[in-house]
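The signal peptide annotation in TrEMBL covers 1-23. Per TrEMBL, region 'Disordered' is recorded for 29-106. What TrEMBL records for 42-51 is compositional bias 'Gly residues'. What TrEMBL records for 105-245 is domain 'C1q'.
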Amino acid sequence: MDSLRLLTLLQSLLVLQVHFSKQLEDNQIPPSLCTGHPGIPGSPGGHGSPGQPGRDGRDGRDAAPGEKGEKGDRGDSGEAGVRGLTGDKGNPGEKGERGQPGECAVAPKSAFSAKLSQGLSLPLSVGDAVRFDTILLNEQADYNAETGRFTCKVPGVYYFAVHATVYRASLQFDLMKNGHTVASYFQFYGNWPKPASLSGGSLLHLVPGDQVWVQMALSEYNGFYSSTKTDSTFSGFLVYSDWKNSAVFA
């Protein structure tokens with residue numbers, strides 16, 4: 001009986017030995033047999049050497065063109081640049097052809113002066129023009145001594161003056177333009193022993209065809225007088241013209 005137990009024990013030990021030998025050969029020690037305290041952490045390993053550069057990848061395929069974008073806002077104007085240097089003087093050009101002769105720039109003129117002749121029979125009716133029949137100046141022939149009227153040819157501003165000698169009578173006359181009174185003059189006789197004078201003038205704007213003359217205002221006040229020592233005159237002249245067609249205004 002004892003021998004049988006001993007044999008059984010030996011067989012069990014042999015089985016254990018074979019089992020443990022198998023685990024030792026496979027490096028598979030059971031955790032229950034190798035359990036211990038954790039070891040001290042090891043030192044960090046050194047850095048490895050740099051790797052070789054990789055190869056370039058393949059080119060990608062071209063994509064389809066994108067749609068045209070909207071026009072952007074206009075940018076602000078830039079600052080003016082610095083002025084450049086003056087360039088070299090160019091060569092003289094060829095002489096041009098001679099132009100056509102131009103018109104002579106002559107300023108328009110108009111002036112006259114006339115007086116009463118001695119012994120002239122003056123008009124006695126109201127509305128009659130006084131005919132200053134003796135011409136002193138009338139180069140443009142704008143004054144008519146037969147009618148006593150000035151007719152405008154050059155448009156512009158004119159000055160007209162009347163100087164009357166009055167002797168032993170009263171006088172009233174009007175300066176007329178196209179049948180309308182523009183100025184009136186009057187002097188009453190005061191029993192003066194010598195001749196007196198009555199003068200007046202006015203500026204008028206005229207256009208071609210306008211007429212100006214001196215006209216009796218009252219038939220009983222017709223004291224125009226003329227002698228070897230004193231005269232009665234009617235004068236006028238152009239102050240300035242507004243005739244745009246004249247060469248001087250071209």
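All positions are counted from 1 along the displayed chain.
Each Cβ is built from the backbone N, Cα and C atoms, and glycine gets one as well.
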Three-state composition of the compositional bias 'Gly residues' (42-51), taking helix and strand from DSSP: 0 helix, 0 strand, 10 coil
The domain 'C1q' (105-245) [mean pLDDT, rounded to integer]: 88
Helix, strand and coil totals (DSSP H, G, I; E, B; other) for the domain 'C1q' (105-245): 0 helix, 75 strand, 66 coil
